[in-house]
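Per TrEMBL, the feature domain 'Acyltransferase 3' maps to 7-201. The feature transmembrane segment is assigned by TrEMBL to 12-30, 42-63, 75-93, 113-134, 146-165, 177-197.
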Amino acid sequence: MKKIRNINLDFLKIMACIGVVLLHTTISGFKETRSWNYLTYLYYLGTYSIPLFFMVNGYLLLGRNKISYSYILQKVKWIFITVSIWSLIIWIYKRDFSENPIRIILDSLIQKGYFFQFWFFGALIIIYLCLPILKKFLNSINRYLLILTLLVIIGLMFELTNYLLQKPVQFYVIQTFRLWTWFFYYILGGFLAQFNLDILKKMF
């Protein structure tokens, strides 16, 4: 049976890619000026892209009937291959032969190395490894709502702490490990994948 391509998801992926380009092309000017200008607005305009990527990925994977570890390990393998190829290209180009290439590759996943932007893949790997268990637990709308509510509460606790300390706690946690945020968007995407008209009628 031929799979039907979801054009709406393709559109969302394109929008997310545009947002990522905005983030990475405006961040330097934003940091250098440290004042509100057009780069600032463009930078914040692109901040929707990362949550959108996690949501689309969650929609696609948590929307599956079954998630096995063999399937997940295949996806993790290709992430490592992608990160390794790009990191090794720069490693050879820069002739950083005194640096351990394996460490450079792994550093990219925790917001270091040549491609600090690859922290996204690091967070995605952690989420992927949790998916088979998560999929078994999220077997009803109520369980989705339970986990999402808990993650919202955790997020609010961080915001309250930020307010009380007058400094962002997230500053001390690299992007890869801000999992309360990334799991929320990922599971929200999976939650949206469960919806259809019949379920909405039952809920209301």
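Glycine is treated like the rest: Cβ placed from N, Cα and C.
Just so you know, TrEMBL annotations never went through curation; they're auto-generated.
Where the transmembrane segment (113-134) meets the stretches 75-93, 146-165, 177-197, the count of C-beta pairs under 8 angstroms peaks at 75-93. For the domain 'Acyltransferase 3' (7-201), the model's pLDDT averages out at 84.
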